[in-house]
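Some features that TrEMBL has for this protein:
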| type | residues | note |
| --- | --- | --- |
| COMPBIAS | A:207-217 | compositional bias 'Acidic residues' |
| DOMAIN | A:39-154 | domain 'Response regulatory' |
| DOMAIN | A:220-279 | domain 'HTH myb-type' |
| MOD_RES | A:ASP90 | 4-aspartylphosphate |
Amino acid sequence: MAALQRVASSLSASASSYGSCKGAGADLMFSDQFPAGLRVLVVDDDITCLRLLEKMLCRCLYNVTTCSQATAALKLLRERKGCFDVVLSDVHMPDMDGFKLLELVGLEMDLPVIMMSADGRTSAVMRGIRHGACDYLIKPIREEELKNIWQHVIRKKWNENKEQEHSGSFEDNDYKRGNDDTENASSVNEGAEGVLKGQKKRNIAKEEDDNELEIDDPSASKKPRVVWSVELHQQFVSAVNQLGIDKAVPKRILELMNVPGLTRENVASHLQKFRLYLKRLSGVAQQGGISNTFCAPLDSNVKVNPLGRFDIQALAASSQIPPQTLAALHAELFGRPTGSLVTTVDQPALLQASMQGPKCIPVEHAVAFGQPLVKCQSNISKHFPRNVISVEDVASGFGAWSSNSVCTVGSSSNLGGMNSQNSNMLMDILQQQPPQQSSLSEPSRSINVQPSCLVVPSQSPATFQAGNSPASVDQNCSYNRSAMIDYNLLSAQSNNSSLNIGQILNGDLKTTGVSGYSGSVSISPLSPCSVDPDNTSQQGRSSTMAIRAVRQLPGLGPNISNFQGSYSAKSSEVLDQRPLRNLGFVAKCTSIPSRLAVDELESTMSSLDHEKSYMEISGNKVKQEPNIEFMDNARVGIPTLQQLPPAPSDRMSVFTE
Amino acid sequence: MLGWGVDRLRADMSRLLAILFHQGVLDEQFLQLQQLQDESSPNFVSEVVNIYFHESEKLLRNLRGLLLDREFSDYKKMGIHLNQFMGSSSSIGAKRVRNVCVAFRAASEQNNRAGCLRALELLEHEYCYLKNKLHELFQMEQQRVLAAGVRYPLHQQL
């Protein structure tokens with residue numbers, strides 16, 4: 001454990017250099033009793049959890065300090081630098097967002113921060129990771145999970161030590177944040193201390209201005225990880241276009257981009273992925289298969305894009321476009337300040353957009369997920385012609401890019417993040433379709449590009465989260481969520497390219513449509529105008545739901561109140577009978593997740609009240625919505641409720657004894 | 001005989017707990033909570049649960065206040081309260097309460113006010129039930145401790 005001792009000595013040296021703190025524990029820390037004595041700061045506004053955690057951490061023999069306010073915690077950390085080894089913080093706190101605390105602690109004190117939350121949805125966890133949390137614990141937290149938090153402390157120290165050893169590879173931004181503690185103590189770089197401190201300041205300033213690069217470990221053994229934010233990628237793309245896609249070599253791209261800290265290797269790997277992506281686009285654009293009937297009903301609705309790009313797109317759709325043209329289109333789209341949505345949408349998505357014709361969505365993967373967008377497109381085209389392209393194409397771009405990027409996710413680029421970005425955008429887009437009846441909703445959400453390189457819709461990400469909520473709501477829940485969870489993971493991580501495309505959006509559709517958890521798009525299975533007499537059948541199929549989504553989207557706005565619960569159970573036969581059929585919907589994805597999602601909602605809802613009142617809850621417009629379905633599906637909730645004993649008598653029974 | 005009462009009380013407590021587990025009111029997280037009680041903190045469970053009650057009632061009041069406001073539109077704030085409620089409920093093992101919170105959250109994310117109201121009612125109902133049952137449990141525990149304490153001096157005299 002020589003390395004451990006080295007870390008220990010550096011740590012205790014640093015502790016002693018801050019004499020005022022009760023750093024005596026630091027010496028203990030790496031002694032034989034390790035990890036006993038680890039100094040933990042817990043921040044949570046929920047006193048119950050705070051008390052629980054305190055007790056559990058004490059049981060792990062850690063040295064615990066608790067704080068119920070983030071501001072107080074920050075103050076404590078600043079006053080007593082070096083007195084803590086790790087911080088545990090809740091995500092949602094009234095005085096300060098947990099992620100903000102995370103960033104500040106990381107910047108100022110460079111301590112490992114572990115986030116906690118009751119919200120275990122994938123999107124929430126993803127946010128935590130993107131903000132740089134060492135770990136993300138989901139409440140309820142068990143003692144065993146806390147026993148292991150010392151690993152984050154060690155890991156961080158070791159990585160920092162490695163950085164110092166490779167002092168020759170210091171470059172300005174190779175330090176994520178300066179490591180004052182270990183720098184002071186380390187004997188390796190005494191001369192370089194001043195330089196390092198300077199670097200740290202510059203680094204922080206850089207991070208505040210332009211937080212594009214997060215490089216964890218610049219040591220020669222590992223490639224630094226670069227986060228390709230939207231801005232960075234835009235710069236990359238414009239550089240590529242300037243050079244011409246065929247002539248674009250990493251070295252020249254790097255020069256053109258002129259981003260300090262970016263290495264040729266980063267650019268090279270990103271370029272490789274970009275090329276693969278373009279190839280995929282051009283390949284995909286060729287695939288035929290959509291029936292004409294699919295296109296037909298849309299033709300009348302689709303207005304010609306006044307921008308006149310449709311010609312190119314039609315061409316693009318029908319024949320293979322050489323990468324240069326793609327890149328050119330990309331640049332064109334990129335260059336034009338169309339709706340805010342378009343410009344901020346991820347580039348690959350835009351590129352994809354440029355590929356696709358407005359009408360038939362000839363890209364077949366769009367069959368599966370283009371459908372909800374098809375109708376939307378028609379609506380949007382009336383109002384937001386520009387958004388037409390981006391709407392459908394974020395979806396397909398999302399699918400294509402994420403699947404493409406996923407294949408190469410093994411390397412260091414942070415493409416997983418793009419998935420969430422894309423899906424966020426997708427949700428955003430789905431939200432944006434204005435209801436036919438009502439007036440235009442906001443034309444687009446501006447997507448804020450936050451310094452941490454996460455593209456987040458300006459509206460609360462609840463939409464995306466909501467979309468995922470069926471999946472990740474409850475690990476403890478008796479309903480089997482795993483299929484849904486896996487499905488979402490699948491959509492983010494699958495290695496199947498074309499298959500994935502269909503699945504991704506469908507999955508997302510499901511999540512948004514099915515359970516109605518999604519605040520943004522709740523998809524009603526029935527047309528608001530007509531009653532579906534076939535509504536009684538029970539088999540839930542996600543494809544059905546997708547179709548319904550298509551149908552209903554025109555009627556939906558961002559604030560859907562006509563949440564229909566029974567859409568869970570619709571058979572594919574019902575589907576076929578519907579006029580939607582001419583959409584040529586092909587893909588039938590697994591229905592399990594959707595059914596499960598609905599199950600949860602239904603069972604909880606049914607436990608809320610009897611069936612009829614459920615209608616009141618949904619406040620839907622279609623009164624004839626049969627309720628049997630979700631009762632049948634709500635297997636789990638009801639028994640629980642039924643076990644509820646008659647209230648007064650039972651409670652009194654013990655006392656009367 | 002008081003000594004006999006101790007055993008009976010212990011049996012009653014076990015039975016009550018078993019019922020609560022069976023009904024899904026509590027889950028194994030509650031067991032974890034019980035395990036945290038030791039000599040250094042002999043009243044840990046009741047302490048934490050009382051904190052939980054105190055906080056939860058605040059939250060429920062807030063939620064009710066929010067929803068009953070005619071001009072209510074801040075679903076996000078409601079979501080935050082719910083999140084906290086969910087976190088603390090799940091941390092002490094109040095499974096049913098937590099599940100209702102989940103449904104509540106779903107309704108609030110759709111801005112479904114009627115659904116939220118219903119969920120709130122159910123939440124209050126579940127919470128009350130839980131509270132009553134846990135109070136029973138603690139009372140029994142108190143009685144048991146008393147009974148055991150009384151017995152002890154008798155033994156000493158022997």
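Note that Cβ sites are derived from N, Cα and C of the backbone, with glycine treated the same way.
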Cβ neighbours within the same chain of the residue listed as '4-aspartylphosphate' - under 8 Å, at least six residues apart: A:VAL43, A:ASP44, A:ASP45, A:ASP46, A:CYS49, A:GLY98, A:MET115, A:MET116, A:SER117
Residue counts (helix, strand, coil, in that order) that DSSP gives for the domain 'Response regulatory' (A:39-154): 54 helix, 24 strand, 38 coil
Across the domain 'HTH myb-type' (A:220-279), average pLDDT on the 0 to 100 scale: 80
DSSP-derived helix, strand and coil totals, residue by residue, for the domain 'HTH myb-type' (A:220-279): 38 helix, 0 strand, 22 coil
